[in-house]
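The following features are taken from TrEMBL:
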- THR43, SER44, VAL166, THR183: FAD binding site (BINDING)
- TYR223, ARG278: D-dopa binding site (BINDING)
- 5-324: domain 'FAD dependent oxidoreductase' (DOMAIN)
- 1-19: signal peptide (SIGNAL)
Amino acid sequence: MAAPKVAVVGAGVIGLSTALCIVETCPSCSVTVLSDQFSPNTTSDVAAGMLIPHMYPGTPIHVQKQWFKETFTYLFAISNSAEASEAGIHLVSGWQVFKSTPKEELPFWSDAVLGFRPMSEAELQKFPQYQFGQAFTTLKCDCPPYLLWLEKRLKTTGVQMYNRKVSDLWELHSDYDIIVNCTGIGAHQLVGDKKLFPVRGQVLKVYAPWVKNFIRDGDGLTYIYPGIHRVTLGGTREKDNWSLSPDSGTTKDIFDRCCSLEPSLQEAQDIKVKVGLRPSRQRVRLQKEVLSQGGVKLLVVHNYGHGAGGFSVHRGTAKEAARLVGECIGALQGSLSGAKL
């Protein structure tokens with residue numbers, strides 16, 4: 001058969017990395033990325049890009065761990081390459097602190113990051129209101145540069161990218177053999193997924209180059225993540241809030257919370273406020289689906305619903321989505337050879 005045509009809908013970190021994994025695992029494919037938003041206007045551009053996993057209650061822990069390890073390994077290799085600066089990826093060490101000792105002193109991902117250990121009494125003195133803490137080194141991904149790096153990689157492999165709003169997957173049926181849905185919160189409308197809901201996140205990007213270590217409250221709400229050029233301060237988790245407008249009261253609250261963890265941030269300059277809608281559901285939707293309309297079939301692979309943890313698992317889920325695309329190609333080739341017989 002002719003080279004299978006695959007359309008990846010969505011150009012955030014999930015869409016771009018899924019397109020790249022499809023090219024790597026199915027080199028005979030013709031891959032096109034379609035999206036109404038590219039960087040710097042995607043939800044991924046707002047993300048802090050820290051590799052600290054978020055829990056998906058509906059997904060087995062061993063699967064989540066596998067996704068995280070694959071992502072960490074992939075980004076760690078880039079961080080050790082000449083492309084690290086362009087891709088915006090670097091190692092960062094720091095602390096996760098808790099007001100009381102958590103039930104799980106060793107999270108499932110503790111052996112996937114580097115040098116995970118309990119904080120010493122001396123270290124905890126920096127955080128007098130906290131009783132327990134964990135120290136480790138992980139990876140930080142500066143999101144806009146990373147998305148541009150992924151786009152550049154895709155273009156060098158011949159992937160086409162078009163600015164296009166897809167309102168119905170069926171409108172792609174005549175041009176593509178397989179559709180990969182990586183539309184994030186857009187899937188709420190595109191495929192009518194009622195299990196998907198927004199969790200609004202507001203963050204501040206500030207200039208504070210003296211802040212070198214990350215600090216994260218164990219509740220996941222307050223965090224300080226130093227990037228290459230700016231420090232991300234967060235945050236919020238507002239379920240079912242669709243507003244993309246920054247809230248000035250929230251900005252002050254985030255800033256005050258972060259200054260209580262790191263008082264030197266009082267001197268931070270050039271504060272920019274960003275808002276994104278995390279596409280959240282009980283489990284990532286990572287599956288094949290055959291849509292049918294009047295006897296016509298449309299092969300779809302879904303990869304969306306990563307919530308607050310998209311960057312932490314993006315490469316692992318992209319590899320799985322690419323494997324499912326490979327299965328669809330096999331099914332297509334099988335049906336064609338069956339038709340010839």
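Glycine is no exception: its Cβ is also placed from the backbone N, Cα and C atoms.
Long-range neighbours of the signal peptide (1-19) within the same chain, counting only residues 6 or more positions beyond its ends whose Cβ lies under 8 Å from a Cβ of the stretch, are 26, 28-35, 37-39, 42-44, 47, 143, 146-147, 150-151, 154, 159, 161, 166, 169, 172, 175-184, 186, 190, 303-304, 306, 310-311, 314-315, 317-318, 321-322, 325, 329, 332-333, 336. A Cα-Cα distance of 18 Å separates SER44 (FAD binding site) from TYR223 (D-dopa binding site). Neighbour counts were taken as the number of other C-beta atoms within 10 angstroms of each residue's C-beta; across the binding-site residues THR43, SER44, THR183, the minimum falls on THR43. The Cβ of ARG278 (D-dopa binding site) has 24 neighbouring Cβ atoms from other residues within 10 Å, across all protein chains displayed.
In sequence order, VAL9, LEU34, ASP36, LEU172, THR183, LEU190 constitute the residues six or more apart from VAL166 (FAD binding site) in its chain with CB-CB distances below 8 Å. Recorded residues ARG278 (D-dopa binding site) and THR43 (FAD binding site) have their alpha carbons 7 Å apart, per Cα-Cα distance.
Of all residue pairs in the FAD-binding list (THR43, SER44, VAL166, THR183), the one with the greatest Cα separation is 19 Å apart. For the pair formed by THR43 (FAD binding site) and TYR223 (D-dopa binding site), distance between Cα atoms is given as 19 Å, rounded to the nearest Å. Within 10 Å of the C-beta of TYR223 (D-dopa binding site) there are 24 other C-beta atoms, taking all protein chains into account.
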